[in-house]
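A short worksheet on the structure shown next.
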Amino acid sequence: MERKRYIFGNWKMHKTAKEAKDYLSVFCPLLEEVAPVSCVGITPAFTALHACCESIKFFHSPLWLGAQNVHQDTSGAFTGEISLPMLKEFDVNFVLLGHSECRHIFHEEDTTIALKVGAAAREGIIPVLCIGETLEVREKGATEAMLSNQLMLGLAQLPETASVIIAYEPVWAIGTGKVASAVDVQEAHAFCREVLANIFSKEKAEEISILYGGSVKADNAEGFARCPDVDGLLVGGASLDPKVFADVVANFHR
């Protein structure tokens, strides 16, 4: 069974609603030209979700819409938070959870991330569980222990039959310009699949798509595509320019 491929652009705290609309007026036609086999998506800021939703409908685009985070409860006294029902109003398909910036800047813990993963899956929004080791952990030779721990804890609340996507992003390669080699990435992804087989089953593990993120650019996307356990990309800075992001998508399918 061939795994589904995904390429997601994470805009982080960039682009107003107007800027997002201008972006999609360029990107949606480019995506149609590229006609990728992969499912392509973007995660704008919460304030731009409505504008993106409307633009995607206007262009009749297959582009997926994602969110950068979400609260695990459907409502409540949680100032500044966004709920899953709110995301569903904008036809959100997927949500990033456990991104390294949320873990390290906002101190999100694995137990909280697990609750979010389970809640998203139950609401019909695909959780994208982000994992990855820090430079300190890597230098200590403890990468596998950290990845295994993040997977086991982060997936603890996932319903048995629910879909999930894993995104491996070595923290030391995010926004630093440092890029993990294709060999290193393949080894990490293969290890993650072994862990998934232990958590679920070998059959389930073979169905789960694992994406790579970490200074992904148009000129290295093709190399990652050749790795047998890399099923797509989570793109940061290179997704902020519509033409560059379209090149990333095109090169991944060469």
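Positions of Cβ are set from backbone N, Cα and C atoms, glycine also.
Bear in mind that the values here come from a model prediction, so they are computed numbers and not experimental data.
As given in Swiss-Prot:
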ACT_SITE  HIS99  active site, electrophile
ACT_SITE  GLU169  active site, proton acceptor
BINDING   ASN10, TRP11, LYS12, GLY175, SER215, GLY236, GLY237  substrate binding site
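Feature annotations (Swiss-Prot) mapped to structure.
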{"residue": "ASN10", "record": "substrate binding site", "DSSP class": "strand"}
{"residue": "HIS99", "record": "active site, electrophile", "DSSP class": "coil"}
{"residue": "GLU169", "record": "active site, proton acceptor", "DSSP class": "coil"}
{"residue": "GLY175", "record": "substrate binding site", "DSSP class": "coil"}
{"residue": "SER215", "record": "substrate binding site", "DSSP class": "coil"}
{"residue": "GLY236", "record": "substrate binding site", "DSSP class": "coil"}
Neighbour count first, Cβ atoms within 10 Å, every protein chain included; then name which of GLY175, GLY236, GLY237 tops the list of binding-site residues.
GLY236
Recorded positions (LYS12, HIS99), the one with most neighbouring Cβ atoms at 10 Å:
HIS99
SER215 (substrate binding site) has how many other Cβ neighbours within 10 Å of its own Cβ?
20
SER215 (substrate binding site) and GLU169 (active site, proton acceptor), distance between Cα atoms, whole Å:
9
Euclidean distance between Cα atoms of ASN10 (substrate binding site) and the residue listed as 'active site, electrophile', Å:
10
Who sits close to ASN10 (substrate binding site): which same-chain residues at least 6 apart have their Cβ under 8 Å from its Cβ?
THR43, GLN68, LEU96, HIS99, GLY213, LEU234, VAL235, GLY236, SER239
List the residues in the vicinity of the substrate site, defined as same-chain residues other than ASN10, TRP11, LYS12, GLY175, SER215, GLY236, GLY237 with C-beta within 8 angstroms of the site's C-beta centre.
ILE174, VAL235, ALA238, SER239, LEU240
If we count other C-beta atoms within 10 Å, could you say which of the recorded positions TRP11, GLU169 has the fewest?
TRP11
